[in-house]
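Trainee: Okay, handing you the structure first.
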Amino acid sequence: MKMYDIVIIGSGPGGYVAAIRAGQLGFKTALVEKYNTLGGTCLNVGCIPSKALLDSSHHYEEATQHLEAHGIEITGEVKFNLEKMIERKAAVVEQTCTGVKFLMEKNKVDVFTGVASFESPTQIKITPKEGTPEIIEAKYTIIATGSKPATLPFIKLDKERVITSTEALKLSEVPKHLIVIGGGVIGLELGQVYSRLGAKVSVVEYTDSIIPTMDRGLGRELTKVLKKQGFNLYTSHKVTEVTRDGNIVTVKANSPKGETISLEGDYCLVAVGRLPYTRGLNLEAAGVQKDERGRVVVNDRLQTNVPNIYAIGDVVRGAMLAHKAEEEGVLVVEQLAGQKPHIDYNLIPGVVYTWPEVASVGKSEEQLKADGVAYKVGQFAFRALGRARASMDTDGFVKILADSQTDEVLGVHIIGARAADMIAEAVTAMEFRASAEDIARICHAHPTFTEAVKEAALAATENRAIHA
Ligand code: FAD
(Lines of atoms letter the chains of each structure in order from A and count residues from 1; the text may use other names and numbers.)
(Lines give C-alpha, C1' and ligand atoms only; values in the text may rest on other atoms or scores of the structure.)
Protein backbone atom coordinates (compact mmCIF):
# COMPACT_ATOMS: atom_id res chain seq x y z
CA MET A 1 0.00 0.00 0.00
CA LYS A 2 1.31 3.46 -0.92
CA MET A 3 1.91 5.67 2.11
CA TYR A 4 1.80 9.44 2.21
CA ASP A 5 2.45 12.17 4.76
CA ILE A 6 -0.46 14.18 3.41
CA VAL A 7 -3.35 13.11 1.21
CA ILE A 8 -5.51 15.92 -0.12
CA ILE A 9 -9.00 15.14 -1.40
CA GLY A 10 -10.16 17.62 -4.06
CA SER A 11 -8.07 19.65 -6.48
CA GLY A 12 -9.80 23.04 -6.28
CA PRO A 13 -7.90 26.15 -5.20
CA GLY A 14 -7.91 24.87 -1.62
CA GLY A 15 -6.64 21.40 -2.47
CA TYR A 16 -4.13 22.09 -5.21
CA VAL A 17 -2.55 25.04 -3.39
CA ALA A 18 -2.25 22.91 -0.24
CA ALA A 19 -0.58 20.22 -2.38
CA ILE A 20 1.96 22.68 -3.79
CA ARG A 21 2.81 24.04 -0.34
CA ALA A 22 3.12 20.47 0.98
CA GLY A 23 5.48 19.64 -1.88
CA GLN A 24 7.53 22.76 -1.18
CA LEU A 25 7.85 21.77 2.47
CA GLY A 26 9.06 18.28 1.60
CA PHE A 27 5.98 16.25 2.54
CA LYS A 28 5.26 13.11 0.52
CA THR A 29 1.97 14.27 -0.91
CA ALA A 30 -0.94 12.84 -2.88
CA LEU A 31 -3.83 14.73 -4.45
CA VAL A 32 -7.04 12.86 -5.29
CA GLU A 33 -9.50 14.34 -7.78
CA LYS A 34 -12.58 12.59 -9.11
CA TYR A 35 -12.63 14.50 -12.41
CA ASN A 36 -10.04 14.18 -15.14
CA THR A 37 -9.06 17.83 -14.96
CA LEU A 38 -7.55 19.50 -11.93
CA GLY A 39 -8.59 22.88 -10.54
CA GLY A 40 -12.02 22.17 -9.05
CA THR A 41 -15.01 24.47 -9.32
CA CYS A 42 -12.91 27.61 -9.56
CA LEU A 43 -10.89 26.69 -12.63
CA ASN A 44 -13.43 24.49 -14.42
CA VAL A 45 -16.88 25.97 -13.77
CA GLY A 46 -16.37 28.98 -11.51
CA CYS A 47 -14.00 31.92 -11.24
CA ILE A 48 -11.99 31.47 -14.42
CA PRO A 49 -14.66 30.61 -17.02
CA SER A 50 -17.04 33.24 -15.65
CA LYS A 51 -14.35 35.90 -15.89
CA ALA A 52 -13.48 34.76 -19.41
CA LEU A 53 -17.09 35.25 -20.53
CA LEU A 54 -17.40 38.52 -18.63
CA ASP A 55 -14.35 39.79 -20.48
CA SER A 56 -15.56 38.71 -23.92
CA SER A 57 -19.01 40.19 -23.40
CA HIS A 58 -17.43 43.37 -22.02
CA HIS A 59 -15.43 43.79 -25.23
CA TYR A 60 -18.60 43.38 -27.26
CA GLU A 61 -20.43 45.94 -25.16
CA GLU A 62 -17.54 48.37 -25.49
CA ALA A 63 -17.55 47.98 -29.26
CA THR A 64 -21.29 48.40 -29.64
CA GLN A 65 -22.00 51.01 -27.00
CA HIS A 66 -18.95 52.92 -25.91
CA LEU A 67 -16.43 53.24 -28.72
CA GLU A 68 -18.41 55.85 -30.60
CA ALA A 69 -18.07 58.28 -27.71
CA HIS A 70 -14.32 57.83 -27.96
CA GLY A 71 -14.42 58.88 -31.60
CA ILE A 72 -14.08 55.37 -32.95
CA GLU A 73 -16.53 54.55 -35.68
CA ILE A 74 -17.25 51.03 -36.74
CA THR A 75 -18.68 51.11 -40.22
CA GLY A 76 -19.63 47.43 -40.53
CA GLU A 77 -21.91 45.53 -38.18
CA VAL A 78 -20.35 44.36 -34.93
CA LYS A 79 -21.40 40.80 -34.31
CA PHE A 80 -20.55 38.27 -31.69
CA ASN A 81 -20.13 34.55 -32.12
CA LEU A 82 -21.29 32.81 -28.94
CA GLU A 83 -19.82 29.49 -29.97
CA LYS A 84 -16.41 31.09 -30.38
CA MET A 85 -16.73 32.91 -27.06
CA ILE A 86 -17.49 29.63 -25.31
CA GLU A 87 -14.60 27.97 -27.16
CA ARG A 88 -12.19 30.70 -26.03
CA LYS A 89 -13.46 30.27 -22.48
CA ALA A 90 -12.88 26.52 -22.73
CA ALA A 91 -9.35 27.13 -24.01
CA VAL A 92 -8.58 29.45 -21.08
CA VAL A 93 -9.91 26.81 -18.69
CA GLU A 94 -7.87 24.08 -20.33
CA GLN A 95 -4.69 26.14 -20.22
CA THR A 96 -5.21 26.94 -16.55
CA CYS A 97 -6.00 23.35 -15.58
CA THR A 98 -2.97 22.08 -17.49
CA GLY A 99 -0.93 24.62 -15.57
CA VAL A 100 -2.06 23.01 -12.31
CA LYS A 101 -1.08 19.57 -13.60
CA PHE A 102 2.37 20.92 -14.40
CA LEU A 103 2.64 22.41 -10.90
CA MET A 104 1.81 19.02 -9.37
CA GLU A 105 4.64 17.40 -11.31
CA LYS A 106 7.02 20.23 -10.44
CA ASN A 107 6.26 19.84 -6.73
CA LYS A 108 6.41 16.03 -6.85
CA VAL A 109 2.76 15.57 -5.89
CA ASP A 110 1.25 12.21 -6.90
CA VAL A 111 -2.11 12.78 -8.56
CA PHE A 112 -4.82 10.09 -8.37
CA THR A 113 -7.96 10.28 -10.50
CA GLY A 114 -11.02 8.79 -8.82
CA VAL A 115 -13.51 9.29 -6.01
CA ALA A 116 -11.83 9.26 -2.61
CA SER A 117 -13.65 7.69 0.30
CA PHE A 118 -12.53 6.94 3.81
CA GLU A 119 -12.01 3.33 4.82
CA SER A 120 -10.73 4.43 8.23
CA PRO A 121 -9.18 7.63 9.64
CA THR A 122 -5.91 6.79 7.90
CA GLN A 123 -6.93 4.78 4.85
CA ILE A 124 -8.47 6.22 1.73
CA LYS A 125 -9.97 4.25 -1.10
CA ILE A 126 -9.70 5.72 -4.58
CA THR A 127 -12.32 4.48 -7.02
CA PRO A 128 -11.62 5.41 -10.63
CA LYS A 129 -14.37 5.53 -13.25
CA GLU A 130 -12.93 2.40 -14.76
CA GLY A 131 -10.54 -0.10 -13.30
CA THR A 132 -9.93 -1.36 -9.79
CA PRO A 133 -10.04 0.76 -6.66
CA GLU A 134 -6.81 1.38 -4.78
CA ILE A 135 -6.30 2.04 -1.08
CA ILE A 136 -3.63 4.46 0.11
CA GLU A 137 -2.44 5.26 3.61
CA ALA A 138 -2.40 8.84 4.90
CA LYS A 139 -0.71 10.18 8.00
CA TYR A 140 -2.74 13.38 7.56
CA THR A 141 -5.69 14.02 5.27
CA ILE A 142 -7.04 17.34 4.09
CA ILE A 143 -10.65 17.31 2.90
CA ALA A 144 -11.03 19.95 0.18
CA THR A 145 -14.11 18.67 -1.62
CA GLY A 146 -15.69 22.09 -2.14
CA SER A 147 -19.31 22.78 -2.92
CA LYS A 148 -22.10 22.29 -5.45
CA PRO A 149 -24.86 24.68 -6.56
CA ALA A 150 -27.80 24.88 -4.17
CA THR A 151 -31.40 25.02 -5.27
CA LEU A 152 -34.81 25.51 -3.71
CA PRO A 153 -36.75 22.40 -2.70
CA PHE A 154 -39.57 22.98 -5.19
CA ILE A 155 -37.34 23.69 -8.20
CA LYS A 156 -36.56 20.91 -10.62
CA LEU A 157 -33.20 21.68 -12.19
CA ASP A 158 -33.41 20.14 -15.66
CA LYS A 159 -30.04 21.66 -16.61
CA GLU A 160 -31.45 22.65 -20.03
CA ARG A 161 -33.81 25.53 -19.32
CA VAL A 162 -33.77 25.58 -15.53
CA ILE A 163 -30.05 25.75 -15.02
CA THR A 164 -27.22 26.37 -12.58
CA SER A 165 -24.07 28.43 -13.14
CA THR A 166 -22.37 25.36 -14.61
CA GLU A 167 -24.78 25.22 -17.57
CA ALA A 168 -24.93 29.02 -17.87
CA LEU A 169 -21.22 28.94 -18.72
CA LYS A 170 -21.85 26.90 -21.85
CA LEU A 171 -25.18 27.89 -23.38
CA SER A 172 -25.52 27.39 -27.11
CA GLU A 173 -27.71 30.46 -27.58
CA VAL A 174 -28.25 33.79 -25.91
CA PRO A 175 -31.48 33.64 -23.90
CA LYS A 176 -34.22 35.99 -25.01
CA HIS A 177 -35.27 36.43 -21.42
CA LEU A 178 -33.06 35.07 -18.67
CA ILE A 179 -34.70 34.93 -15.26
CA VAL A 180 -32.11 34.80 -12.52
CA ILE A 181 -33.16 33.58 -9.09
CA GLY A 182 -30.77 35.13 -6.59
CA GLY A 183 -29.21 38.60 -6.69
CA GLY A 184 -25.82 37.54 -5.35
CA VAL A 185 -22.47 37.53 -7.03
CA ILE A 186 -22.89 34.51 -9.34
CA GLY A 187 -26.37 35.49 -10.58
CA LEU A 188 -25.35 39.07 -11.31
CA GLU A 189 -22.09 38.19 -13.05
CA LEU A 190 -23.69 35.64 -15.35
CA GLY A 191 -26.75 37.86 -15.79
CA GLN A 192 -24.48 40.63 -16.98
CA VAL A 193 -22.74 38.35 -19.49
CA TYR A 194 -26.04 37.59 -21.24
CA SER A 195 -27.48 41.07 -20.78
CA ARG A 196 -24.50 42.47 -22.70
CA LEU A 197 -25.15 39.95 -25.46
CA GLY A 198 -28.75 41.13 -25.82
CA ALA A 199 -30.77 39.05 -23.35
CA LYS A 200 -33.48 40.64 -21.28
CA VAL A 201 -32.44 39.83 -17.71
CA SER A 202 -34.73 39.76 -14.68
CA VAL A 203 -33.30 39.10 -11.25
CA VAL A 204 -35.57 37.92 -8.45
CA GLU A 205 -34.03 38.36 -5.01
CA TYR A 206 -35.55 37.31 -1.70
CA THR A 207 -33.94 40.01 0.47
CA ASP A 208 -34.47 43.75 0.03
CA SER A 209 -31.19 44.33 -1.81
CA ILE A 210 -28.93 42.76 -4.40
CA ILE A 211 -25.51 41.62 -3.11
CA PRO A 212 -27.14 41.62 0.32
CA THR A 213 -24.12 40.35 2.23
CA MET A 214 -22.05 43.41 1.30
CA ASP A 215 -22.26 46.99 2.61
CA ARG A 216 -25.72 48.27 1.65
CA GLY A 217 -24.27 51.33 -0.08
CA LEU A 218 -22.70 49.05 -2.66
CA GLY A 219 -25.99 47.29 -3.36
CA ARG A 220 -27.77 50.63 -3.79
CA GLU A 221 -25.19 51.93 -6.26
CA LEU A 222 -25.05 48.65 -8.20
CA THR A 223 -28.86 48.66 -8.40
CA LYS A 224 -28.75 52.09 -10.05
CA VAL A 225 -26.11 51.04 -12.55
CA LEU A 226 -27.71 47.71 -13.44
CA LYS A 227 -31.08 49.39 -13.97
CA LYS A 228 -29.37 51.83 -16.35
CA GLN A 229 -27.97 48.79 -18.13
CA GLY A 230 -31.49 47.42 -18.58
CA PHE A 231 -31.72 44.86 -15.77
CA ASN A 232 -35.12 44.22 -14.19
CA LEU A 233 -34.58 43.79 -10.47
CA TYR A 234 -37.24 42.32 -8.21
CA THR A 235 -35.93 42.58 -4.65
CA SER A 236 -37.99 41.45 -1.63
CA HIS A 237 -39.63 38.88 -3.90
CA LYS A 238 -39.97 35.30 -2.76
CA VAL A 239 -39.97 32.75 -5.56
CA THR A 240 -42.76 30.25 -5.00
CA GLU A 241 -42.88 28.26 -8.22
CA VAL A 242 -40.77 27.47 -11.25
CA THR A 243 -42.38 25.53 -14.07
CA ARG A 244 -41.32 24.63 -17.58
CA ASP A 245 -43.50 24.11 -20.60
CA GLY A 246 -41.41 23.30 -23.66
CA ASN A 247 -38.97 26.17 -24.05
CA ILE A 248 -40.86 28.47 -21.74
CA VAL A 249 -40.00 28.77 -18.09
CA THR A 250 -42.40 30.51 -15.74
CA VAL A 251 -41.24 31.86 -12.41
CA LYS A 252 -43.82 32.96 -9.87
CA ALA A 253 -42.88 35.10 -6.90
CA ASN A 254 -44.61 36.93 -4.07
CA SER A 255 -44.03 40.67 -4.02
CA PRO A 256 -43.65 42.63 -0.76
CA LYS A 257 -47.28 43.76 -1.15
CA GLY A 258 -48.39 40.13 -1.17
CA GLU A 259 -49.16 40.07 -4.89
CA THR A 260 -48.00 37.23 -7.09
CA ILE A 261 -45.91 38.19 -10.07
CA SER A 262 -45.33 35.83 -12.94
CA LEU A 263 -42.29 36.08 -15.20
CA GLU A 264 -41.97 34.17 -18.43
CA GLY A 265 -38.57 33.48 -19.88
CA ASP A 266 -36.73 30.93 -21.97
CA TYR A 267 -34.05 30.20 -19.35
CA CYS A 268 -34.01 30.35 -15.57
CA LEU A 269 -30.68 30.50 -13.79
CA VAL A 270 -30.93 29.30 -10.21
CA ALA A 271 -28.18 31.10 -8.30
CA VAL A 272 -29.25 30.83 -4.70
CA GLY A 273 -25.89 29.89 -3.24
CA ARG A 274 -23.81 26.78 -2.89
CA LEU A 275 -23.81 23.81 -0.57
CA PRO A 276 -20.81 22.02 0.94
CA TYR A 277 -20.07 18.78 -0.88
CA THR A 278 -19.17 15.60 0.99
CA ARG A 279 -21.05 12.97 -0.99
CA GLY A 280 -19.10 9.79 -1.57
CA LEU A 281 -16.47 10.61 1.06
CA ASN A 282 -17.83 8.08 3.55
CA LEU A 283 -16.99 10.40 6.43
CA GLU A 284 -18.65 7.96 8.83
CA ALA A 285 -15.82 5.45 8.37
CA ALA A 286 -13.40 8.06 9.65
CA GLY A 287 -15.80 9.44 12.27
CA VAL A 288 -15.62 13.00 10.90
CA GLN A 289 -18.49 15.23 12.04
CA LYS A 290 -20.62 17.57 9.94
CA ASP A 291 -22.83 20.39 11.18
CA GLU A 292 -26.54 20.92 10.53
CA ARG A 293 -25.72 22.66 7.23
CA GLY A 294 -23.64 19.77 5.97
CA ARG A 295 -20.28 21.49 6.50
CA VAL A 296 -17.35 19.58 7.90
CA VAL A 297 -16.86 20.87 11.44
CA VAL A 298 -13.40 22.29 12.10
CA ASN A 299 -11.71 24.18 14.92
CA ASP A 300 -9.78 27.40 14.36
CA ARG A 301 -6.82 25.35 13.14
CA LEU A 302 -9.07 23.72 10.53
CA GLN A 303 -8.76 20.37 12.28
CA THR A 304 -11.83 18.13 12.33
CA ASN A 305 -12.89 16.14 15.39
CA VAL A 306 -10.54 13.41 14.10
CA PRO A 307 -7.08 14.80 14.94
CA ASN A 308 -5.23 13.73 11.77
CA ILE A 309 -7.97 14.94 9.41
CA TYR A 310 -8.30 18.59 8.39
CA ALA A 311 -10.79 20.36 6.10
CA ILE A 312 -10.58 23.59 4.11
CA GLY A 313 -12.38 25.78 1.59
CA ASP A 314 -16.05 25.69 0.61
CA VAL A 315 -16.67 22.48 2.56
CA VAL A 316 -16.10 24.28 5.89
CA ARG A 317 -17.57 27.43 7.49
CA GLY A 318 -16.82 30.88 6.14
CA ALA A 319 -16.88 32.68 2.80
CA MET A 320 -17.08 30.45 -0.26
CA LEU A 321 -14.19 32.06 -2.09
CA ALA A 322 -11.20 30.67 -3.92
CA HIS A 323 -8.64 32.84 -2.14
CA LYS A 324 -10.07 31.90 1.26
CA ALA A 325 -9.70 28.22 0.33
CA GLU A 326 -6.10 28.84 -0.79
CA GLU A 327 -5.14 30.58 2.44
CA GLU A 328 -6.65 27.73 4.44
CA GLY A 329 -4.75 25.11 2.43
CA VAL A 330 -1.47 26.86 3.11
CA LEU A 331 -2.34 27.31 6.78
CA VAL A 332 -3.02 23.62 7.37
CA VAL A 333 0.15 22.44 5.65
CA GLU A 334 2.38 25.00 7.35
CA GLN A 335 0.93 23.99 10.73
CA LEU A 336 1.79 20.38 9.99
CA ALA A 337 5.33 21.54 9.26
CA GLY A 338 5.48 23.12 12.72
CA GLN A 339 5.04 26.70 11.53
CA LYS A 340 2.66 29.25 13.05
CA PRO A 341 0.59 30.64 10.18
CA HIS A 342 -2.44 32.87 10.72
CA ILE A 343 -5.52 33.94 8.76
CA ASP A 344 -7.47 37.06 9.58
CA TYR A 345 -10.93 36.14 8.33
CA ASN A 346 -12.02 39.76 8.66
CA LEU A 347 -9.58 40.62 5.90
CA ILE A 348 -10.70 38.21 3.19
CA PRO A 349 -11.81 40.52 0.38
CA GLY A 350 -15.03 39.88 -1.51
CA VAL A 351 -15.37 40.85 -5.17
CA VAL A 352 -18.18 40.99 -7.73
CA TYR A 353 -16.85 41.11 -11.29
CA THR A 354 -19.72 42.98 -12.86
CA TRP A 355 -18.87 46.27 -14.52
CA PRO A 356 -18.53 48.40 -12.57
CA GLU A 357 -16.78 45.97 -10.26
CA VAL A 358 -17.61 45.77 -6.59
CA ALA A 359 -15.07 44.95 -3.90
CA SER A 360 -15.11 44.98 -0.18
CA VAL A 361 -13.01 44.18 2.87
CA GLY A 362 -13.53 44.43 6.61
CA LYS A 363 -16.73 45.58 8.29
CA SER A 364 -19.74 47.06 6.55
CA GLU A 365 -21.62 50.00 8.05
CA GLU A 366 -24.41 47.64 9.02
CA GLN A 367 -21.99 45.39 10.94
CA LEU A 368 -20.35 48.31 12.72
CA LYS A 369 -23.75 49.63 13.78
CA ALA A 370 -24.79 46.18 15.02
CA ASP A 371 -21.52 45.88 16.96
CA GLY A 372 -22.01 49.35 18.47
CA VAL A 373 -18.71 50.64 17.09
CA ALA A 374 -18.42 54.41 16.64
CA TYR A 375 -17.11 55.05 13.13
CA LYS A 376 -16.63 57.81 10.60
CA VAL A 377 -17.17 57.62 6.86
CA GLY A 378 -15.03 58.98 4.06
CA GLN A 379 -16.56 58.61 0.63
CA PHE A 380 -15.30 59.75 -2.74
CA ALA A 381 -17.17 59.45 -6.04
CA PHE A 382 -15.34 58.30 -9.16
CA ARG A 383 -16.97 61.02 -11.25
CA ALA A 384 -14.72 63.56 -9.53
CA LEU A 385 -11.61 61.69 -10.67
CA GLY A 386 -9.68 62.72 -13.78
CA ARG A 387 -8.74 59.13 -14.59
CA ALA A 388 -12.35 57.99 -14.44
CA ARG A 389 -13.50 60.82 -16.69
CA ALA A 390 -10.73 60.02 -19.19
CA SER A 391 -12.11 56.52 -19.70
CA MET A 392 -15.75 57.44 -19.03
CA ASP A 393 -15.92 55.04 -16.08
CA THR A 394 -17.53 57.51 -13.72
CA ASP A 395 -20.00 55.27 -11.88
CA GLY A 396 -19.30 54.35 -8.29
CA PHE A 397 -17.34 55.40 -5.24
CA VAL A 398 -14.83 54.40 -2.60
CA LYS A 399 -16.06 54.35 0.97
CA ILE A 400 -13.70 54.07 3.90
CA LEU A 401 -14.98 53.38 7.39
CA ALA A 402 -12.61 54.30 10.20
CA ASP A 403 -12.82 54.09 13.97
CA SER A 404 -14.03 57.45 15.37
CA GLN A 405 -11.49 57.38 18.17
CA THR A 406 -8.38 55.76 16.75
CA ASP A 407 -8.86 56.44 12.99
CA GLU A 408 -8.04 52.76 12.30
CA VAL A 409 -9.55 51.61 9.00
CA LEU A 410 -12.33 49.13 9.75
CA GLY A 411 -13.81 48.60 6.31
CA VAL A 412 -13.31 49.62 2.70
CA HIS A 413 -16.08 49.32 0.12
CA ILE A 414 -15.53 50.10 -3.51
CA ILE A 415 -17.81 50.08 -6.52
CA GLY A 416 -16.30 51.26 -9.75
CA ALA A 417 -13.89 50.44 -12.54
CA ARG A 418 -11.09 48.12 -11.41
CA ALA A 419 -12.40 47.82 -7.85
CA ALA A 420 -11.32 44.16 -7.88
CA ASP A 421 -7.67 45.14 -8.14
CA MET A 422 -7.95 48.28 -6.04
CA ILE A 423 -9.19 46.41 -2.98
CA ALA A 424 -5.70 44.93 -2.52
CA GLU A 425 -4.43 48.29 -1.29
CA ALA A 426 -7.14 48.34 1.37
CA VAL A 427 -6.38 44.76 2.45
CA THR A 428 -2.67 45.56 2.76
CA ALA A 429 -3.37 48.71 4.74
CA MET A 430 -5.74 46.89 7.06
CA GLU A 431 -3.30 43.98 7.54
CA PHE A 432 -0.86 46.59 8.86
CA ARG A 433 -3.68 48.21 10.88
CA ALA A 434 -3.37 51.49 9.05
CA SER A 435 -5.35 54.56 10.03
CA ALA A 436 -7.32 56.47 7.41
CA GLU A 437 -4.69 59.20 7.72
CA ASP A 438 -1.92 56.67 6.94
CA ILE A 439 -3.60 55.94 3.59
CA ALA A 440 -4.29 59.62 3.03
CA ARG A 441 -0.58 60.39 3.40
CA ILE A 442 0.53 57.75 0.87
CA CYS A 443 1.46 59.17 -2.53
CA HIS A 444 -0.86 57.68 -5.18
CA ALA A 445 0.13 57.95 -8.84
CA HIS A 446 -1.84 60.42 -10.93
CA PRO A 447 -4.01 59.84 -12.83
CA THR A 448 -5.15 56.49 -11.46
CA PHE A 449 -8.36 55.06 -10.10
CA THR A 450 -6.56 54.45 -6.82
CA GLU A 451 -6.54 58.19 -6.16
CA ALA A 452 -10.17 57.67 -5.13
CA VAL A 453 -8.87 55.54 -2.22
CA LYS A 454 -6.60 58.34 -1.09
CA GLU A 455 -9.38 60.90 -1.47
CA ALA A 456 -11.82 58.73 0.53
CA ALA A 457 -9.14 58.33 3.22
CA LEU A 458 -8.66 62.09 3.28
CA ALA A 459 -12.41 62.48 3.60
CA ALA A 460 -12.46 60.02 6.50
CA THR A 461 -9.54 61.70 8.24
CA GLU A 462 -10.73 65.28 8.59
CA ASN A 463 -13.18 65.65 5.77
CA ARG A 464 -10.44 67.12 3.62
CA ALA A 465 -10.71 65.35 0.28
CA ILE A 466 -8.96 67.52 -2.31
CA HIS A 467 -11.19 67.07 -5.33
CA ALA A 468 -14.57 66.84 -3.65
P1 FAD B 1 -13.69 23.28 -5.25
O2 FAD B 1 -13.08 24.26 -6.14
O3 FAD B 1 -15.17 23.11 -5.32
O4 FAD B 1 -12.98 21.89 -5.55
C5 FAD B 1 -13.38 20.72 -4.95
C6 FAD B 1 -12.89 19.56 -5.78
O7 FAD B 1 -13.05 18.35 -5.04
C8 FAD B 1 -13.67 19.36 -7.07
O9 FAD B 1 -12.79 19.30 -8.16
C10 FAD B 1 -14.38 18.02 -6.88
O11 FAD B 1 -14.51 17.27 -8.08
C12 FAD B 1 -13.43 17.32 -5.92
N13 FAD B 1 -14.06 16.26 -5.14
C14 FAD B 1 -15.20 16.33 -4.41
N15 FAD B 1 -15.42 15.17 -3.78
C16 FAD B 1 -14.42 14.34 -4.10
C17 FAD B 1 -14.08 13.01 -3.75
N18 FAD B 1 -14.81 12.30 -2.90
N19 FAD B 1 -12.96 12.47 -4.30
C20 FAD B 1 -12.18 13.18 -5.14
N21 FAD B 1 -12.44 14.44 -5.49
C22 FAD B 1 -13.54 15.02 -4.98
N23 FAD B 1 -14.55 32.52 -5.97
C24 FAD B 1 -13.70 33.57 -6.00
O25 FAD B 1 -12.92 33.74 -5.07
N26 FAD B 1 -13.68 34.45 -7.05
C27 FAD B 1 -14.54 34.34 -8.09
O28 FAD B 1 -14.50 35.13 -9.02
C29 FAD B 1 -15.44 33.25 -8.09
N30 FAD B 1 -16.30 33.08 -9.11
C31 FAD B 1 -17.13 32.00 -9.11
C32 FAD B 1 -18.01 31.85 -10.18
C33 FAD B 1 -18.86 30.77 -10.21
C34 FAD B 1 -19.79 30.60 -11.38
C35 FAD B 1 -18.83 29.81 -9.16
C36 FAD B 1 -19.72 28.61 -9.19
C37 FAD B 1 -17.97 29.96 -8.09
C38 FAD B 1 -17.11 31.06 -8.05
N39 FAD B 1 -16.25 31.27 -6.98
C40 FAD B 1 -15.41 32.35 -6.99
C41 FAD B 1 -16.20 30.35 -5.83
C42 FAD B 1 -15.02 29.40 -5.96
O43 FAD B 1 -15.11 28.68 -7.15
C44 FAD B 1 -14.96 28.46 -4.77
O45 FAD B 1 -14.98 29.21 -3.58
C46 FAD B 1 -13.71 27.60 -4.79
O47 FAD B 1 -13.65 26.85 -5.97
C48 FAD B 1 -13.66 26.68 -3.57
O49 FAD B 1 -12.50 25.93 -3.64
P50 FAD B 1 -12.37 24.51 -2.93
O51 FAD B 1 -10.96 24.10 -3.16
O52 FAD B 1 -12.89 24.57 -1.57
O53 FAD B 1 -13.36 23.54 -3.72
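Using N, Cα and C of the backbone, Cβ positions are placed for all residues, glycine too.
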Trainee: From the candidates G273, G280, G287, give the one listed by TrEMBL for the same NAD(+) site as G182, G183, G184, V185, I186, G187, L188, E189, E205.
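Mentor: Answer, per TrEMBL (NAD(+) site with G182, G183, G184, V185, I186, G187, L188, E189, E205), from G273, G280, G287: G273.
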Trainee: Look at the disulfide annotations in TrEMBL and name the partner of C42 from this list: C47, C97.
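Mentor: Candidates were C47, C97; TrEMBL matches C42 with C47.
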Trainee: Using C-alpha atoms, which one of the recorded positions C47, K51, D314 comes nearest to H446 (active site, proton acceptor)?
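Mentor: Result for H446 (active site, proton acceptor): the nearest of the recorded positions is K51.
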Trainee: Quick one: of the binding-site residues G182, G184, I186, which has its CA closest to the CA of K51 (FAD binding site)?
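Mentor: The smallest Cα gap between K51 (FAD binding site) and any of the binding-site residues is with I186.
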Trainee: Any of the binding-site residues I186, L188, E205 with a C-beta atom under 6 A from ligand 1? Give them in order, or none.
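Mentor: By the Cβ criterion, which requires under 6 Å to ligand 1, the hits are I186.
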Trainee: When you look at G182, G183, G184, V185, I186, G187, L188, E189, E205, G273, which the record names as binding NAD(+), what is the longest CA to CA distance in angstrom?
Mentor: 14
Trainee: What does the DSSP secondary structure composition of the domain 'Pyridine nucleotide-disulphide oxidoreductase dimerisation' (348-457) look like, as residue counts for helix, strand and coil?
Mentor: 41 helix, 33 strand, 36 coil
Trainee: Taking the recorded NAD(+) site as G182, G183, G184, V185, I186, G187, L188, E189, E205, G273, identify the other residues of that chain whose CB atom sits within 8 Å of the mean position of the site's CB atoms, giving them in sequence order.
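Mentor: Result: V180, G191, V203, I210, I211, A271.
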Trainee: For H323 (FAD binding site), which residues in the same chain are close in space, meaning a Cβ under 8 Å from its Cβ, but six or more apart along the sequence?
Mentor: P13, I348, P349
